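As annotated by Swiss-Prot, substrate binding site applies to Tyr15, Gly42, Lys109, Tyr132, Asn187, Asn292, Arg388. As annotated by Swiss-Prot, pyridoxal 5'-phosphate binding site applies to Tyr72, Ser108, Lys109, Tyr132, Asn187, Tyr218, Ser246, Phe247, Ser248, Arg257, Asn292, with the evidence given as sequence analysis. The N6-(pyridoxal phosphate)lysine annotation in Swiss-Prot covers Lys249.
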Amino acid sequence: MVQINENYLKLKAGYLFPEISKRVNSYTQANQGSEVIKLGIGDVTEPLPNACINAMSKALNEMGTHEGFKGYGPEQGYEWLREKISKNDFISRGCQITPEEIFVSDGSKCDSSNILDILGHDNLIAVTDPVYPVYVDSNVMTGRTGETLKNGTYQGLLYLAINEDNNFLPEIPKNKVDIVYLCFPNNPTGATITKDELKKWVDYANHNKSLILFDAAYEAFIQDKDVPHSIYEIDGAKSCAIEFRSFSKNAGFTGVRCAYTVIPKCLTGQNSKGDKVDLWPLWNRRQCTKFNGVSYVVQKGAEAVYSSQGKKEVNSLIDFYMENAKIMRNKLRSAGFTVYGGCNAPYVWIKVPADMTSWDFFDHLLEKANVVGTPGSGFGLAGEGYFRLSAFNSRLNVSNAMERIINI
């Protein structure tokens, strides 16, 4: 009989968001007619920008002609899109990232997991706690951790607690780690990092020859001018960091699927003999073998994000969601909740009442207010006692949800 990958058996009972869906479905089936407002999963709700729709429609029509038809595209992405990304997202901020260092993909969730394909199994890995679950689960699936401990953590991972005491910023490890995942603006806490704090991480990584996997999926929501949008704004980052970006949240591409990963040409690892090995060719080889590229139509939609109309419409979407976050933050604070985040990220991170766990509060909001959020403990041990609410919803739903919560 075929042998399975037993690492999957180490995973917790269910991925966080399917578990939430399971509980919500159970509640709605038992309470027919309940109008549940979902502020849990960070999925967008507003329509795509017209600039993107028009560009994709034009591209689709092109595909219906012999002259305009496109088959397999380049695995790295079309050069015209990578040039726009390089110019608008990096060169404009003083980051010398070339189009050749950009790999277009169908999602940063996929890339942050798939990057492990080119990294060895013996690396010591650090993650923040709480953390986006994909970072942990993908390492478990590929056998890079030990067994599950009683507290829900995994042997072999170094957990860096982020909480009120350290302003939700992880402390630099005292010892060497090989790989560290950083996400800023942070999911789930909504916290940001300053250039000075990020420089400490870059210096640490270069000193220890470590690799930073930097998730910048929410950079477009940054409002403060002194908050870095890219790790490459920091001197020395190109020699120690890979950055993940996405069109999902800023341009509403969660159902369209387009993202990109930056791997600088100067970034290196080493083999078992201690010889330096460039990471760019390894990732390029991986993509050429396992990925057929993002469709021409979708990439044309992504290119339109950088048009003058596209920029205006994307900014309008971001302003809409950030106004939602402001409403949530202000309403919850007026009701006596301690609230973090929501200033440079589309998430608010609230402390739950002292007599409740995160899942207790989840059930409380679901049953008493018909509002769904995400229990902080689902993001890690240090998330216990907190709760995440997403600003990705309609203005009416956000306003109604806040009124329901404060009137419980």
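Backbone N, Cα and C define each Cβ position, glycine as well.
Annotated features, which come from Swiss-Prot, shown on the structure.
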residue	record	DSSP (3 states)
Gly42	substrate binding site	coil
Tyr72	pyridoxal 5'-phosphate binding site	coil
Lys109	substrate binding site	helix
Tyr132	substrate binding site	coil
Asn187	substrate binding site	coil
Ser246	pyridoxal 5'-phosphate binding site	strand
Asn292	substrate binding site	coil
Arg388	substrate binding site	strand
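Among the recorded positions Tyr72, Ser246, Lys249, the ones whose Cα sits within 10 Å of the Cα of Lys109 (substrate binding site) are Ser246.
The binding residues for pyridoxal 5'-phosphate are recorded as Tyr72, Ser108, Lys109, Tyr132, Asn187, Tyr218, Ser246, Phe247, Ser248, Arg257, Asn292; their greatest pairwise CA distance is 34 Å. Proximity note: of the listed binding-site residues (Tyr72, Asn187, Asn292, Arg388), none has a CA within 10 Å of the CA of Lys249 (N6-(pyridoxal phosphate)lysine). On a Cα basis, Tyr72 (pyridoxal 5'-phosphate binding site) lies 33 Å away from Tyr132 (substrate binding site). Rounded to the nearest whole angstrom, the C-alpha distance between Ser248 (pyridoxal 5'-phosphate binding site) and Gly42 (substrate binding site) is 10. In sequence order, Tyr72, Glu75 are the residues near Asn292 (substrate binding site), counting only same-chain partners six or more apart with C-beta under 8 A.
Here the binding-site residues are Lys109, Arg388, and the one whose Cβ sees the fewest other Cβ atoms within 10 Å is Lys109. Taking Cβ-Cβ distances under 8 Å and a sequence gap of 6 or more within the same chain, the neighbours of Asn187 (substrate binding site) are Gly42, Tyr132, Asp215, Ala217, Tyr218, Ala345, Tyr347. Note on the binding-site residues Ser246, Ser248: the fewest other CB atoms within 10 A surround the CB of Ser248. Cβ neighbour count for Gly42 (substrate binding site) (all protein chains, 10 Å cutoff from its Cβ): 22. Comparing Cβ neighbour counts within 10 Å across the binding-site residues Tyr72, Tyr132, the minimum falls on Tyr72. In this structure, the CA atom of Arg388 (substrate binding site) is 21 Å away from the CA atom of Ser246 (pyridoxal 5'-phosphate binding site).
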